[in-house]
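> Pasting the relevant annotations from Swiss-Prot:
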type: BINDING; residues: Asn134, Glu137, Asn163, Glu166, Glu195; note: Fe(2+) binding site
type: BINDING; residues: Glu137, His162, Glu166; note: Zn(2+) binding site
type: TRANSMEM; residues: 8-28; note: transmembrane segment
type: TRANSMEM; residues: 36-56; note: transmembrane segment
type: TRANSMEM; residues: 71-91; note: transmembrane segment
type: TRANSMEM; residues: 123-143; note: transmembrane segment
type: TRANSMEM; residues: 152-172; note: transmembrane segment
type: TRANSMEM; residues: 185-205; note: transmembrane segment
type: TRANSMEM; residues: 209-229; note: transmembrane segment
type: TRANSMEM; residues: 246-266; note: transmembrane segment
Amino acid sequence: MSNFQAALLLTLLAGLSTGIGSAMALAVRHTNKRFLALSLGFSAGIMLYVSFMEIIPQSQEALSAGLSAKAGAWVSTISFFGGMLFTWAIDQMVPSFENPHEMSMIGPMTDAEKSDTRLHRMGIFTAAAIAIHNFPEGMAVFFSALSNQELGIVIASTIALHNIPEGMAVAVPIYFATKSRKRAFSLSFLSGLAEPLGALVGYTLLRPFLTPFVLGIVLASVSGIMVYISLDELLPSAEEYGEHHLAITGLIAGMAVMALSLLLLT
């Protein structure tokens, strides 16, 4: 399997985890929120640590090969904040009501108080919002895996984990509005396909220019995307699902596991 195929497969698997979240929401009546909080904090810890300790140094090394060390550090830093700005801009495209970063957390599957029409609309717009947000996430997984497959597996796993509650957020309102498990699952599943689509779009646009210098810029931008996702989505969601100390415990554990794995791999 080529690097391209492996990177695309990892991105596809990460995106399709929204379908896992949908299946979980439709199969069980209660979500174990404490475990979810710990898991989301764990994912944030992994993504933050690997961004600062692995991806940014790789970016600076690639950029410094064609520039001076100082110039490479400057370009890497600007690209890092550019990645954050790019993800923030996508966030602003989605109204807060439909934005998965702003919506209320998922509760038990009880009778809905709102009308079926409103619930159905909420589910549709949530699916669209998640699809938009999955574009930069797909690029983050794909380009990380293209640079380093082991790193790509780690990032794909953490993105997949945080896609699970997003799949739940799509499935629950659609199911209550339509009483159709098939429709709820299908919409959630389709929203996840935006992740490999984002990877393909990014690769198609950048492929003619994908030199080591450009890859260094992309890696720094990817780290910015990952840090933004961790701070804007994973940690706030972990705290809302569980409690502050549980989220921080997961965060520290994720960092420790990532640090140990990097030490063992080097």
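Every residue gets a Cβ built from N, Cα and C, even glycine.
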> Work out how many Å separate Glu195 (Fe(2+) binding site) and His162 (Zn(2+) binding site) at their Cα atoms, rounded off.
13
> Using a Cβ-Cβ cut-off of under 8 Å, list the residues of the same chain that are 6+ residues beyond the ends of the transmembrane segment (71-91) and lie near it.
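For the transmembrane segment (71-91), the nonlocal Cβ contacts are 56, 59-65, 99, 101, 132-133, 135-136, 216-218, 220-225, 227-229, 232.
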> Fewest other Cβ atoms within 10 Å: which of the binding-site residues Asn134, Asn163 wins that one? Let me know.
Asn163
> With the transmembrane segment (246-266) as the reference, which stretch in 8-28, 36-56, 185-205, 209-229 has the largest tally of C-beta pairs below 8 Å?
36-56
> Do any residues, 6 or more residues outside the transmembrane segment (8-28), come within under 8 Å Cβ-to-Cβ of it, and if so which ones?
1, 106, 109, 130, 134, 137-138, 141-142, 145, 149, 152-153, 156-157, 159-161, 163-172, 175, 181, 184-185, 188-189, 191-196, 199-200
> Find, for the listed binding-site residues Glu137, Glu195, the residue with the lowest Cβ contact count at a 10 Å cut-off, counting only other Cβ atoms.
Glu137
